[in-house]
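S.K.: Pasting the relevant annotations from Swiss-Prot:
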BINDING   D8, E57  Mg(2+) binding site
Amino acid sequence: MIYGIGTDLVEIARMEAWCRRWGEKAGRRLLTAAEQAEFAAHAEPARFLAKRFAAKEAFAKALGTGVVAPALLTAIGVGHDELGKPVLILSDELAAFAAARGIARMHLSISDERGHALAFVVLES
């Protein structure tokens, strides 16, 4: 059964401004440690940040809490499975919070085109 659905659209120019403002610290405020390493090596850091930010916001909306503890941006990670499909990776605290609410499966889709990044999350119980 569907627990929640969330979507988010991010303007890549917004993340470009974020990167200019925060410089090397830009990723630390939004990303997990694993994502920060990927961000530092990415050819298009603002696009990378926009896609990750959209995914995290979409997850928080699907969860129904918004971005508040324990669903903080740095507790919600995005990785890829062996085929390259995007997957959500939660901190231990957030994973326990989700499990306590009966969430058994998480689905994530991310897309970007020119000036925007979009993410869609479905949580199942």
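Heads up, the Cβ atoms here are built off N, Cα and C, so glycines get one too.
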S.K.: For D8 (Mg(2+) binding site), list the number of other Cβ atoms lying within 10 Å of its Cβ atom.
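M.R.: Other Cβ atoms found within 10 Å: 20.
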S.K.: Return the residues near E57 (Mg(2+) binding site) by Cβ distance under 8 Å, restricted to its own chain and a separation of at least 6 in sequence.
M.R.: G6, D8, V10, V67, A119
S.K.: Can you tell me the three-state DSSP label for D8 (Mg(2+) binding site)?
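M.R.: The three-state answer is strand.
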